[in-house]
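Undergrad: Feature table excerpt (Swiss-Prot):
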type     : residues        : note
SITE     : 9               : site 'Discriminates between blocked and unblocked aminoacyl-tRNA'
BINDING  : 14, 64, 66, 112 : tRNA binding site
ACT_SITE : 19              : active site, proton acceptor
SITE     : 91              : site 'Stabilizes the basic form of H active site to accept a proton'
């Protein structure tokens with residue numbers, strides 16, 4: 001069983017912002033596998049389904065980004081999911097737009113949502129899909145809560161689809177295979 005968590009902030013004002021990339025990827029997976037994310041529990045919205053023979057729980061925390069660990073730990077404990085089977089999808093400023101990076105473990109890299117998850121799980125050993133949003137020329141908060149330009153949106157839509165495939169690959173083939181397949185790929189207009 002896998003817990004697939006997309007990080008983001010709830011509310012219409014955050015829809016399609018850089019910081020909500022995790023929510024967008026989870027929505028793509030939900031659509032592909034006909035999973036309705038319409039249940040409220042674990043301080044978030046979630047739905048259950050399958051990818052092949054694997055049961056998956058799709059979770060969108062409603063705690064706001066910096067407290068995402070509260071939602072993740074509740075769902076992981078309820079379903080008794082191993083940390084190695086918790087996949088977290090989130091935006092990453094240290095990666096260029098058009099790229100993603102799959103990792104099996106690691107530090108928060110300055111991302112407060114991941115930092116909070118690491119604190120609550122008491123571990124940094126969980127797979128993640130880091131979706132590049134590029135470096136800001138402006139205030140970081142304004143940047144991550146801002147929306148992509150039209151040109152960037154074209155690239156991001158393709159990266160979101162690739163990120164969903166990377167998550168599915170982790171479930172079906174394992175982290176190493178997903179890393180080999182998706183790390184280093186760059187999407188351009």
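Just so you know, glycine gets a Cβ as well, placed from its N, Cα and C.
Map the listed features onto the structure and describe their local environment.
TA: Close to residue 9 (site 'Discriminates between blocked and unblocked aminoacyl-tRNA') in the fold, though at least 6 residues off in sequence, lie 17, 19, 20, 64, 65, 145, each with a CB less than 8 Å from its CB. In this structure, residue 9 (site 'Discriminates between blocked and unblocked aminoacyl-tRNA') belongs to neither helix nor strand by DSSP; it is coil.
All protein chains included, residue 64 (tRNA binding site) registers 18 other Cβ atoms within 10 Å of its own Cβ.
DSSP gives residue 19 (active site, proton acceptor) a helix state.
Taken residue by residue with DSSP, residue 91 (site 'Stabilizes the basic form of H active site to accept a proton') is part of a strand.
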Undergrad: Can you give me the Cα-Cα distance between residue 66 (tRNA binding site) and residue 91 (site 'Stabilizes the basic form of H active site to accept a proton') in Å, rounded to a whole number?
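TA: Computed Cα spacing between residue 66 (tRNA binding site) and residue 91 (site 'Stabilizes the basic form of H active site to accept a proton') is 13 Å.
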